[in-house]
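The structure appears below as structure tokens.
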């Protein structure tokens, strides 16, 4: 299986995040991708290539131009005002505040407009890192368009919490959605996205919620007790043309392979019935039993079984890296999914 990777991910590294009332080093750190890359190489998964540059146009298919301009220029504006630390929002358009404009012109106001939490710090290298992460996804997608049955986009920062015009949860650009749209623009009639990250892919859901050319299925922690709290419930089935194309599987804290795999089986049945031309996997491995910010109980061998079950769908499959914060195990678990898939797909 071909993997696509860029060293540019190291340009983004937030100084700290607020966890349980305390500032601590960010869980979303460069060593995550470095560890996965090392495992890809040690297991001889296949060739590793650098991304091509497809420009901003594929990003603009889903992300607002003003939002991209903001992300690209925010750090320069921040430092021009005399600041040096991470740029993090502190004010958001909550209940009974205006959300439909006008967009504030002050930097902190505009940042709050485009953010839904404090977990997406902008640093000096953030734009280049997130831009390259999207190009990683697009390069892997192009490899599949040229005939490959699978590919792995080792994206960092992750993307599934990012919407068309908002960021949060470590995410700025939605890599999985961008690659999905590229499949459609190049002739696919339908594409399915299966999000196996511990946290609900609220950004991906929002982007495709009213469309019938993308089926979205997500297996995640119950939002009643788990981030992102305000989306990811089972009754969210899509709207308008997209009604019936959104499937959420919220699971309780402590869920292990038995409950998780039952949800996977149901999601796979729905995906098979949808008959997509391609499948995109938002590959988060923060479902691992020792992940520091998650509450599921999957073990490393379970990720082999996950890949095997996905392979039985018999679909061209693009894997896009999302979460996973147990750094010592992230490479083993992510590559186990890929090896499980490859072993069953032969």
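Including glycine, each Cβ sits where the backbone N, Cα and C put it.
Worth saying up front: this structure is predicted, and the values here are computed from it rather than measured.
What Swiss-Prot says about this one:
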- 161: active site, proton donor/acceptor (ACT_SITE)
- 197, 199, 286: Zn(2+) binding site (BINDING)
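Structure coloured by features recorded in Swiss-Prot.
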{"residue": "161", "record": "active site, proton donor/acceptor", "DSSP class": "coil"}
{"residue": "197", "record": "Zn(2+) binding site", "DSSP class": "coil"}
{"residue": "286", "record": "Zn(2+) binding site", "DSSP class": "coil"}
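With respect to their backbone Cα atoms, residue 286 (Zn(2+) binding site) and residue 161 (active site, proton donor/acceptor) stand 14 Å from each other.
Other than 197, 199, 286, the residues of this chain whose Cβ falls within 8 Å of the Cβ centroid of the Zn(2+) site are, in sequence order, 198, 220, 221, 284, 287, 294, 322, 323, 324. Sequence-distant contacts of residue 161 (active site, proton donor/acceptor), defined by Cβ-Cβ distance under 8 angstroms and a gap of at least six in the same chain, are 167, 168, 169, 170, 171, 199, 201, 202, 203, 228. For residue 199 (Zn(2+) binding site), the Cβ neighbour count at a 10 Å cut-off comes to 27, with all displayed protein chains included.
Cβ neighbours within 10 Å of residue 286 (Zn(2+) binding site), excluding its own Cβ and spanning all shown chains: 26. Residues near residue 197 (Zn(2+) binding site) in space but far in sequence (CB under 8 A, at least 6 apart, same chain), listed by position: 158, 160, 218, 220, 282, 283, 284, 286, 287, 322, 323.
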